[in-house]
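Undergrad: Dropping the structure in here first, questions after.
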Amino acid sequence: MLGQVVTLILLLLLKVYQGKGCQGSADHVVSISGVPLQLQPNSIQTKVDSIAWKKLLPSQNGFHHILKWENGSLPSNTSNDRFSFIVKNLSLLIKAAQQQDSGLYCLEVTSISGKVQTATFQVFVFESLLPDKVEKPRLQGQGKILDRGRCQVALSCLVSRDGNVSYAWYRGSKLIQTAGNLTYLDEEVDINGTHTYTCNVSNPVSWESHTLNLTQDCQNAHQEFRFWPFLVIIVILSALFLGTLACFCVWRRKRKEKQSETSPKEFLTIYEDVKDLKTRRNHEQEQTFPGGGSTIYSMIQSQSSAPTSQEPAYTLYSLIQPSRKSGSRKRNHSPSFNSTIYEVIGKSQPKAQNPARLSRKELENFDVYS
């Protein structure tokens, strides 16, 4: 109702002010708010030197310059940025017309010769009774892996001005949901299926849509899910390997300890250097474990002169059993202990002696090996 009143007032003003600035009949232009509006004059058959677009302001009882243009220069906009000038056809463009843009517009074209031509437009901008144009929706979503090769998809679709709008959901090209107020979608799909979703928002005059592909989310989750069994297998094999290695090390250590306990001790070798026949000492050598033995080396330097090079040396070997009688030299009483006695002498004709009849002094001249 208010728009009709404004229109009637403008028509009356047009009759009053017509002829005071712009001559001729006015072209009527009707538009709705929120859409671009272009005022284009008929073809001008003269060489243009300058132009001026003006709008009638009833409050000021005259015309107000919107923009000016001279040949070879840029347009000079004396109004706001909602107006622009198209040089090619001398048109005035209102980017988004509003109700306050209604009124009388006049175009003055000045030729090079100074002749002025005019064109008049009566503009009526009405508020649309229909909803505004739908904006592009904001579609967000994510995929989550589930058991048995399933993927859970969660989506949300919103617009800034959602009054009197309807929502429709598509998976690929298939319509899956037609509920008008359903801004959220939650469903389970197969991992190997289609994961491209489209949200369509519409009202009686326009519609917009937004598409989102969640294939990568579901595939990445599926690959992560398939990786877990391999990871578990690797961990189990590593644990088995480490356990086997630890058992082997323990078994080897116990085996070495057992071998060290059962293995016989090494033989003990005693070296004795006797330089003086008068030196007397008791030789004690005891076998501490069965089956063992010891070797006694006695280096004896006799007081007699060493054999000369003319006298050949002979070696006497005798196998004796040590006496059980205690004496100055103690021996092992084990039956398995045997002694080998040999003597290096410098006699020309060695004479074997009975080891059993040798005196202690004579026995000291022998080397004993066991």
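Every residue gets a Cβ built from N, Cα and C, even glycine.
Swiss-Prot feature annotations, pasted as is:
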{"type": "DISULFID", "residues": "C157-C199", "note": "disulfide bond"}
{"type": "DOMAIN", "residues": "22-127", "note": "domain 'Ig-like 1'"}
{"type": "REGION", "residues": "324-370", "note": "region 'Disordered'"}
{"type": "MOTIF", "residues": "269-274", "note": "motif 'ITSM 1'"}
{"type": "MOTIF", "residues": "315-320", "note": "motif 'ITSM 3'"}
{"type": "MOTIF", "residues": "340-345", "note": "motif 'ITSM 4'"}
{"type": "SIGNAL", "residues": "1-21", "note": "signal peptide"}
{"type": "TOPO_DOM", "residues": "22-229", "note": "topological domain 'Extracellular'"}
Undergrad: When the pLDDT values for the motif 'ITSM 4' (340-345) are averaged, what is the result?
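TA: Mean per-residue confidence for the motif 'ITSM 4' (340-345): 50 out of 100.
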Undergrad: Inside 10 Å of the Cβ of C157 (disulfide bond), count up the other Cβ atoms and send me the figure.
TA: 25
Undergrad: Do you know the DSSP helix, strand and coil residue counts for the domain 'Ig-like 1' (22-127)?
TA: 6 helix, 59 strand, 41 coil
